[in-house]
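According to Swiss-Prot, the features are:
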- 5-242: domain 'ABC transporter' (DOMAIN)
- G37, P38, N39, G40, A41, G42, K43, S44: ATP binding site (BINDING)
Amino acid sequence: MSTALEARKAGFATGGATLVHNVDLAVAQGELIAIVGPNGAGKSTLLRMLSGDLRPTSGSVRLGDRELSSYSPRELADRRAVLAQHINVSFPFTVEEIVRMGTGDVGHRKAGALIDAALHEVGLGEFRSRDITTLSGGEQQRAHFARVLVQLWSSEAVRGPGILLLDEPTSSLDIRHQLDLAHTARRCARNGATVIAILHDLNLATRFAERIVVMHRGAVAADGPPSTVMRPELIGAVFDVELTVQMDASGSPFVLPELTRA
């Protein structure tokens, strides 16, 4: 399978601090990856470099057969969709208007069908006329997820499989909608999209992803399938907690933190 996105010795430094250093990461088309790690590990900085929002101060990032920095903003928007960690909308856009912002080079009828499908996918079909500023945090997050789905699907309708980058997409969601989002992302990957998501819930990550990248102090501490990455000695050291890792009935690792820390 071809490489969709690749970081080569990529790093980012600012204000005398190195936030990410020497990251090698090749992601294949259709692959589904979760990035995990403690606060300040460099996860969001790495994702912003992979999206083109930040240009590496060392090394490089490639999208397909070109340097990521060689793409124009329009070209990037046509090839990858990004759900940022923090999205503040102060104006009273309706949910449908927010989702419509994701449509690209598709006709009006096709755009309408994609918007309908995305709103149904995130369970906001009855919210399309609502002012987004009146929604709960979780509802707003689902509306923005619908927007990036429309962007991804619009791109795929014209250029084939794209890239979906998600920065803590479940942070405001209840457990049902966390699982719904994970299932949607998996379907996107099965349809050929490349999906990379930052997740804080380690157990959701082990079920969600076929590959986990563990970040620690700006570097990749581990990279591989959940069964090999989720080792108690590694995860405990990275997060500075005592924990055990068991296998659930499906054979997936399940992380159990100890609650008796002194």
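Keep in mind that glycine also has a Cβ here, set from the backbone N, Cα and C atoms.
Under DSSP, G40 (ATP binding site) is assigned to coil, being neither helix nor strand in the three-state scheme. Neighbour counts were taken at the CB atom with a 10 A radius for the binding-site residues N39, S44; the maximum falls on S44.
Sequence-distant contacts (6 or more apart, same chain, Cβ under 8 Å) of K43 (ATP binding site) comprise I35, V36, G37, D167, I198, M215. Shown in sequence order, M215, H216, R217, G218, V238 are the residues of the chain, 6+ apart in sequence, with a C-beta less than 8 angstroms from the C-beta of A41 (ATP binding site).
Using a 10 Å Cβ-Cβ cutoff, G42 (ATP binding site) registers 23 neighbours.
In sequence order, M215, H216 are the residues of the same chain, not among G37, P38, N39, G40, A41, G42, K43, S44, whose CB sits within 8 A of the CB centroid for the ATP site.
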